[in-house]
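Per TrEMBL, these features apply:
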TRANSMEM  30-53  transmembrane segment
TRANSMEM  65-87  transmembrane segment
TRANSMEM  107-125  transmembrane segment
TRANSMEM  137-157  transmembrane segment
TRANSMEM  193-213  transmembrane segment
TRANSMEM  234-260  transmembrane segment
TRANSMEM  266-291  transmembrane segment
TRANSMEM  303-332  transmembrane segment
TRANSMEM  344-364  transmembrane segment
TRANSMEM  371-391  transmembrane segment
TRANSMEM  397-418  transmembrane segment
Amino acid sequence: MTVTHRRIRTRRGLTRNPGGLLGDQTGVGLNIMAVMTSSLATGVLGFIFWTIAARGYTTAEVGRASALITSATLLATLSNLSIGSLYERFLPVAGGNAPRMIASGRMVIIGAALLLGLGFVLLGPVDSLFMSPWETWLFPLFVAVLGIFAIQDQILIGLGRSRTVATKNISQSTIKLVLVTAFIPIATGFAVFWAWVLPAAVIAAWVGLGAIRRTARSMTGPGTLPRPGEIAQFYAGSLGITAVGVVVPLIVPLVIVARLGTEMNAYFSICWLVVNTAAILLHATSAPFVAKAAEPGADLRSATLRFIALCGGAGVIGCVVLFVTAPWILAIMGPQYADEGTDLIRLMALTLPTVSFVTIYTALARVRRKLRLAVGVQGVFGVIVLCGIVFGADHWGIIGVGYVYLTANVAVVILLLVPGLRLIRQALTPTTTAAELSARTTTP
């Protein structure tokens, strides 16, 4: 059975099944909800992970662990080289080319992760983060593990296996709770790092040899991939967006450690975890939408409406909930976290509606395969944050980080408002298909 036949069968199943997310005939709503559930559960379990760490380890070791995990995770994301965006957009139409496409991307990611991890241990703040040589040289391997674990989400989404994403990520998040508790007697930040990486290694192997291999091998036919030049142009834009999205959060905790110390970085990291969990939830809505909209004959208008409702609604609700509950969320970690982080979380929560709008625009731009403007505004965001973060930390302390992020997000929305609304209107035209949207040139 070809991948096209499987998707036709899936659509028919959704038509017969009234539980298909309130009559969603495209299936995009069900896929989005599966990925959102994965992101939400992972975020909640991640918060529990750091709660256990905060109560079982010293504040300085929690700060060191958070810097290690943040750096490794962001380097792993950077090592993906935005290949995941190609999987989301083009695996649905790759046909029999899917296994080769997946294998070649995986090898590139492993090589890039090892190089980036090596660069970090050679050029980064080794004395502050690593307590022994073996910790230092294990770091590149851990980056490679996290790189493969991360890319599997986008591979699974491109293969139409969104629900497997939830199983994969929730399993890893649950196991790491057990390990971080078991490693408390070791009492080091690197033990917390081990608890994060070991489950990812085991589950990445299980998913790669199971669900991904089986599904990719079942895809047959020549596929309907666009010309290599169009794919290269799309990839260049996606890579630019990813680079800004990774480099900026990579630098921020290092600046905080340098300017304010590891204890203040512990407070920032918990606040960042809470707000970033909500932001990841919003970003997670885009991948299933892009994969579904890319399919030949997809109902673009229906998929876009479902996507806007879920992404936009989640942004507004997340903003309100975090703003109101910030003190109580942080109090779980301890009174000092609530004292230092409540105002920061509230400031950063105000960015969530803007994140929703940017996510919607960028997803439609990916469907359209025109990312020039999206790359440009991400560059503006990066410049504002990187130029402002040192000034903000020096003058206002940890709350200055919130001021900088809010300013950068508002600036991006102002730049995208008119072209974004125009692109949404085009996608909502009843007769518009993804191919027709790609052919239009009124929006960069």
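In case you wondered, yes, glycine gets a Cβ from its N, Cα and C as well.
Using a cut-off of 8 Å between Cβ atoms, the transmembrane segment (193-213) and the transmembrane segment (371-391) share fewer than three residue pairs, counting only pairs 6 or more apart in sequence.
With a cut-off of 8 Å between Cβ atoms, the residues of this chain six or more beyond the transmembrane segment (234-260) that come close are 63, 66-67, 70-71, 74-75, 77-78, 80-82, 85-86, 89, 124-125, 128, 268-269, 272, 276, 362, 365-366, 369-372, 374-375, 378-379, 381-382, 385-386, 389-390, 393-394, 397-398, 401.
Taking residue pairs at least 6 apart in sequence, the transmembrane segment (65-87) and the transmembrane segment (137-157) share three or more C-beta contacts under 8 angstroms. The transmembrane segment (344-364) makes contact with the transmembrane segment (266-291): 3 or more of their CB pairs lie within 8 A, with pairs spaced 6 or more apart in sequence. A Cβ distance under 8 Å defines the sequence-distant neighbours of the transmembrane segment (303-332), meaning residues of its chain 6+ beyond its ends; these are 21, 24, 26, 28-29, 32-33, 36, 47, 51, 270-271, 274-275, 278, 281-282, 285-286, 289, 292-293, 338, 341-342, 345-346, 349-350, 352-357, 359-360, 363-364, 424, 427-428. Sequence-distant neighbours of the transmembrane segment (397-418) (same chain, 6+ residues past either end, Cβ-Cβ under 8 Å): 252, 256, 260, 264, 267-268, 340-341, 343-344, 346-348, 350-351, 354-355, 357-358, 361, 373, 376-378, 380-381, 384-385, 388-389, 391.
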